[in-house]
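K.L.:
Below, the features straight out of TrEMBL:
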type	residues	note
DOMAIN	A:24-462	domain 'Amidase'
ACT_SITE	A:K76	active site, charge relay system
ACT_SITE	A:S151	active site, charge relay system
ACT_SITE	A:S175	active site, acyl-ester intermediate
Amino acid sequence: MSLLKKSLKEIHNGWKNGDFTASDLLDASLKRIRETDGNLRAFLQVDEAGARRRAQALDQRSGEKGPLVGIPMGIKDNISTEGVATTAGSKILEGYTPLYHATVMDRLEQAGANLVGKMNMDEFGMGSSNENSGFHETHNPWDPERVPGGSSGGSAAAVAAGQVSFALGSDTGGSIRQPAAFCGVVGLKPTYGRVSRFGLIAFASSLDQIGPLTRNVEDAAYVLQAMAGHDPLDSTSADVEVPDYVSALTGNVKGIKAAVPKELMGDGIDSGVKDRVNQALEVLEDLGAVVEEVSLPHVEYAVATYYLLAPAEASSNLARYDGVRFGQRAAGENLIDMFSRTRSAGFGEEVKRRIMLGTYALSSGYYDAYYKKAQQVRTLIRRDFESIFDRYDVVVGPTTPTTAFKLGEKTKDPLTMYLNDICTIPVSLAGLPAVSVPCGLSDGLPVGLQIVGRPFAEAQVLQVAHAYEQHGERLPEPKLGGDTQ
Amino acid sequence: MAISKEQVEHVARLARLSLTDEEVRLYTGQLNDILQFAEKLNELDTEGVEPTSHVLPMANVLRADEKRPSLNREQALLNAPDQKDGMFRVPDVFEE
């Protein structure tokens with residue numbers, strides 16, 4: 001078995017015993033990338049020289065050895081890495097090299113994790129398939145004709161194929177959970193404010209959150225532990241105590257009350273997905289959880305709400321790409337002309353579409369009808385969840401309405417693509433923590449079980465996911481990235 | 001039609017995007033589809049509902065106004081597409 005298919009705890013034990021070094025772990029990662037990335041194309045960039053240097057330094061490092069020392073990680077390309085090019089999947093940022101680390105990078109390097117490279121993504125996080133990357137498509141390790149999901153598709157595919165032990169993604173409307181579901185890995189979106197966004201290239205600032213994609217739930221707990229907590233550099237990071245996530249993984253869910261929204265198990269959900277989710281719910285019941293059907297009456301409005309609010313915020317955030325201080329510039333006759341030409345040449349089709357939509361929704365005369373209305377419906381969606389959490393501990397259902405779709409299948413019609421986020425978007429609008437954990441295969445493709453918790457209840461969300469993982473269905477290895485002999 | 005071709009062109013100017021005729025046609029159609037889909041929100045009575053701009057119960061996060069290290073001029077210019085005499089250089093701002 002490849003070293004990188006072991007859990008972080010197993011790797012750490014081997015490392016403590018002196019069975020292998022940080023350099024050995026890096027070698028395993030680079031070997032795997034060479035074997036599989038020609039087909040997968042999960043990486044935008046492999047920083048081999050930098051990773052080698054860091055591995056050697058880690059092998060010299062003495063003293064306290066945490067669980068992440070020497071662990072090869074992939075970082076989504078919208079997370080700033082000092083000295084390592086960062087594009088957010090956009091041509092407009094080609095050649096941009098950050099002068100500082102995102103706070104999550106600082107914290108993970110402090111914990112000893114080793115950056116192997118930057119992962120492909122939909123441009124600025126805008127997409128559900130990685131087909132909107134400004135550079136290339138990434139393929140699903142289970143079926144190369146299918147998408148890995150998005151926007152953290154490169155991160156999910158790399159973890160599924162064992163190229164890295166874990167990866168970071170970011171989630172605005174489902175961008176960690178949906179690719180995790182499509183690729184058969186664990187993906188955790190923390191509560192809004194749990195993890196610092198400093199150094200994350202902004203898409204929609206009231207929704208964006210960084211989180212881990214991992215091979216199992218315990219690994220997600222370790223990575224979250226290293227990243228979580230208040231950061232003075234991000235005024236929206238919450239000053240809320242960080243519990244011990246790993247010790248929450250008791251395997252016990254007796255008496256936990258789980259709500260299943262009937263709106264997320266209805267006609268729009270593929271029957272194969274529903275079957276796997278129902279089976280997972282039975283496992284939770286067998287373990288002593290109380291599972292009951294509930295209603296979230298406003299979730300059917302969530303996608304429309306999101307596709308007004310997120311583009312509005314994006315149109316404002318992306319105003320900074322003007323060809324003056326960083327990134328690409330196109331020649332123009334005067335300043336305004338240069339701005340317009342730079343932005344038109346640098347942004348891809350979906351990004352321009354969302355800038356247009358957001359600019360329109362915020363423009364004079366339409367603000368109340370679209371933007372304010374959507375903000376009000378966002379309040380109603382939050383209240384739906386609040387009233388459920390008065391009576392239940394977690395909300396459970398499918399992560400996605402279908403399994404991974406084919407490359408090119410949804411690119412013609414943006415609305416069809418948007419509707420793929422129907423299960424994840426309501427949770428994002430409410431700012432709640434949620435994990436997607438694999439719950440079996442449908443027609444040979446992974447299905448994700450989404451578990452949502454109260455604000456800052458990541459420990460409980462992980463506890464339920466972990467208990468299910470111990471007793472539920474285990475996935476085989478994907479085709480691409482399965483152990484090659 | 002919620003949004004006309006002329007409005008699309010106007011919004012593109014506001015957003016500093018120069019769109020081709022083909023793009024204007026494409027986005028006019030697609031933005032109409034999306035806005036029509038968004039009309040669904042009008043089924044809901046939101047009279048008196050407080051808008052959510054942010055999910056965390058926090059406002060006005062302040063810190064002490066103290067000197068801290070930051071990028072120096074040379075670093076700040078490292079990613080600039082064009083520069084001169086320690087400044088970002090841009091095309092003419094004013095017409096002759």
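Every residue gets a Cβ built from N, Cα and C, even glycine.
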K.L.:
Could you state the CA-to-CA distance between A:S151 (active site, charge relay system) and A:S175 (active site, acyl-ester intermediate) to the nearest Å?
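P.N.:
For A:S151 (active site, charge relay system) versus A:S175 (active site, acyl-ester intermediate), the Cα atoms are 5 Å apart.
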K.L.:
How many neighbouring Cβ atoms, not counting its own, are there within 10 Å of the Cβ of A:S151 (active site, charge relay system)?
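P.N.:
For A:S151 (active site, charge relay system), the 10 Å Cβ neighbour count is 34.
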K.L.:
Just to be sure I understand the packing, how many Cβ atoms besides its own are within 10 Å of the Cβ of A:S175 (active site, acyl-ester intermediate)?
P.N.:
36
K.L.:
Per DSSP, A:K76 (active site, charge relay system) is which: helix, strand or coil?
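P.N.:
DSSP assigns A:K76 (active site, charge relay system) to strand.
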K.L.:
Could you state the CA-to-CA distance between the residue listed as 'active site, acyl-ester intermediate' and A:K76 (active site, charge relay system) to the nearest Å?
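P.N.:
Cα to Cα, the residue listed as 'active site, acyl-ester intermediate' and A:K76 (active site, charge relay system) are separated by 11 Å.
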K.L.:
Across the whole of the domain 'Amidase' (A:24-462), what does the mean pLDDT come to? Round it, please.
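P.N.:
Residues in the domain 'Amidase' (A:24-462) carry a mean pLDDT of 96 in this prediction.
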K.L.:
What is the number of other Cβ atoms found within 10 Å of the Cβ of A:K76 (active site, charge relay system)?
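P.N.:
Its Cβ has 30 other Cβ atoms within 10 Å.
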